[in-house]
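What follows is one structure encoded as structure tokens, with my remarks underneath.
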Amino acid sequence: MRRLLATTALLGGLVAGLLPGAASAQTIFPINRAEILAGSRFDVKVEFAGVVARDALRVTLNGKPLDEAFGKAAEFVEREDGQAASSLVLRDAVLATPGRYVLQASDGQNTASVSWEVYAAPGQRRAQNVILFVGDGMTVANVTAARILSRGIEEGRYRSTLAMDNLPRMATVGTSGSDSIATDSANSAAAYNTGHKSAVNALNVYASRARGTLDHPKVETIASLVRRQLGMSIGIVTTAEIQDATPAAVFAHTRRRNDYIPITDQLLAAQPEVVMGGGSASFLPRSTPGSRRADERNMIDAFRQAGYVFGDSAESMTAAAADPNTRRLLGLFNLGNMDGALDRFYLRQGTVGRFPNQPDLTEQTRAALQVLSRNPAGFFLMVESGSIDKFNHPLDWERSVYETIMLDNALKVALDWAANRDDTLIVVVPDHNHGMSITGTVDDNRPGTEMREKVGVYEQAGFPNYPAADARGYPPRVDVSRRLAVFFANFPDYYETFRPHLEGPNVPAVAQQGQANRFMANERYREANPGGLLREGNIPRSNAQAVHTVDDVILRATGPGSERFQGFVDNTMVFRAMAEALGLGR
Amino acid sequence: MLAAGGALVATSASAATPLRFDQLYGAWTVEGLRFSAEVEKLTGQEVAMRGFMAPPLKAEADFFVLSREPMALCPFCSSNADWPPDIVVVYLRRQATPVDATVPIETRGRLERGSWTDPATGFVSQLRLRDAAFRTV
């Protein structure tokens, strides 16, 4: 879920190696302990605390002057954005040789330094293709509940397992960023796509002090690398708006993830072969009702002119993908985010009535594989189930669990596609956690009028009585008499109803009168839910929804290169393992 | 429904014709929304719409956004991306104190349609109520 995020001007990385008395020393990007793929492009920036004289500067990389070390000249900006502070910027720097590098920057008085590790794949390319599945905000409880609802459980044993349960490699992943232990989808997806850690709200840039959101030091994405160096195709498939943080991290560079219009324009410039999701509002000219643009550009037409076949429904997307001549496919299926599986297949809530022909993530994945596999050089495909997170934020766990089952179904499509190939690295990973956990069951037949008395704990929980899953893998109903009891670790003031929200996605809190940034429990759930509970929030009242949590997330993987994942890894290892499987950096 | 609405307008020009959110657009497509026949017909006339006041920026306002459902978030505080497409911008005849975002209101004003950018805020809207007043219902 897009969230209101304070855009802090200066979120510089930790700089080690400060000399004594260097309280106002330089800030250097990439930050200390950055891991950089040999041959990848990155911007170097040194920010000085005040205005400095160019001839007083001494900036070196492993002892060599910066310009000489990179073979190109850095730009000196005496007053960055008109402020009384100088910066040195070197765009599109490349280090081709692996090893340890120390960048030292002195203004004649203060000296600061950072150390980088430049690495390359240890061996030849082993993966022809890479498919990265992102379960946005997917918790361990999401996966457990998905298994209970989709596969069933009897006397403690599941009747069968999920597709993701059978992937041979696992690791726990640390999701923290350079600015905070708590991250967001922009920052964490950027780590997966570039191998660099940055700050909340940032997409493939370091969070420098630049005023313009598009002016921060950029780092190269895996999609850009594999096209540039290996001629591979790029696919982006999501259920969210295509400009949302996770899909945007495949191609975009901005300090502000809500830059939907610049992100749309960057998407056209990047020209990934397959683009599928919601978010057509940012493609439409301003005068068209439903548009979010401030100009009259019709970006769907611009994509058509760039050789894309456009599909706006499951049918047109499938037909376009089946055409052997289709090499570029743009599928947009909703003005905003696409509806979730629970609403599309069963409840018909949300915007399903307006957009009744949205494809399922399984169909999107199948169509993407069909188009991308036409490139003999291979492909990089990112598939996101984006609304696991969008429904965990408003504590709507049933919907987030259906999105988890949907992710697993899409994974099954990819596993079947790759089954006889042994040339495709498949990774399934959440980008951050939520505070969701399963306590037991809620049984309407337990005694009492207060709903909390109907929560079965320990042996009283027993097993839920959801109907068996249908052919799609979902139980056709969630409003059963003995259902899972799921609660979240953090929340705004809200009414806990202990029931699924059949009327449409949950809206736990709404703005208080005259205080646009202060939220209170949504009263609509009070009278309709006798026995419900007003829960007083435990996070600042400026939060309308639950927030991400810091716990590790679980990665699962299979295919060549997946053995890199074991034990604990940092989120940057997702990029590194993909790069290594593709033999990059050599 | 359509005929009844037309008759009401014809017989009582000064009365506001009720207009519901689900009557605003005749078609929702990925390539944009199309105004409904009702909106085409009622443009320039007095209409009455029920909805919710999105949380405004200021305590006193002559400009607010009417939404079909209560807005959970203050869209002004985050980004345009958070607005649903079917909103109506209301320009009040005189400044008023906003009501709670969860309180249903009825707004009466002259219906205006077509893309328009508010010069003060830069806010782009497709449908507006001019010279409007509202009351809680």
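Using N, Cα and C of the backbone, Cβ positions are placed for all residues, glycine too.
Under the DSSP three-state reduction, A:Ser185 (active site, phosphoserine intermediate) is assigned to helix. The active site, phosphoserine intermediate feature in TrEMBL is assigned to A:Ser185.
Here TrEMBL flags A:Asp136, A:Asp389, A:His393, A:Asp431, A:His432, A:His548 as Zn(2+) binding site.
What TrEMBL records for A:Asp136, A:Asp244, A:Thr246, A:Glu384 is Mg(2+) binding site. Long-range C-beta contacts of A:Glu384 (Mg(2+) binding site), restricted to its own chain and to partners at least six residues apart, with a cutoff below 8 Å, comprise A:Phe133, A:Val134, A:Gly135, A:Asp136, A:Val237, A:Thr238, A:Thr239, A:Ala240, A:Thr246, A:Pro247.
What TrEMBL lists as signal peptide is A:1-25.
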Problem set entry | Listed in sequence order, residues with CB under 8 A of A:Asp431 (Zn(2+) binding site) and six or more positions away | A:Val134, A:Gly135, A:Asp136, A:Gly137, A:Thr175, A:Thr183, A:Ser185, A:Ser188, A:Ala189, A:Tyr192, A:Thr246, A:Asp389, A:Val553, A:Asn571
For this session: Please report the DSSP secondary structure of A:Asp431 (Zn(2+) binding site), reduced to three states.
Result: coil
Exercise. So what sits near A:His548 (Zn(2+) binding site) in its own chain, CB-to-CB under 8 Å and at least six residues off in sequence?
Worked result: A:Gly137, A:Ala182, A:Thr183, A:Asp184, A:His432, A:Asn433, A:His434
For this session: Reduce the DSSP letter at A:Glu384 (Mg(2+) binding site) to three states and note it down.
Result: strand
For this session: Would you mind ranking the binding-site residues A:His393, A:His432 by how many other Cβ atoms sit within 10 Å of each Cβ and giving me the lowest?
Result: A:His393
Exercise. In terms of DSSP three-state secondary structure, what is the assignment for A:Asp389 (Zn(2+) binding site)?
Worked result: helix
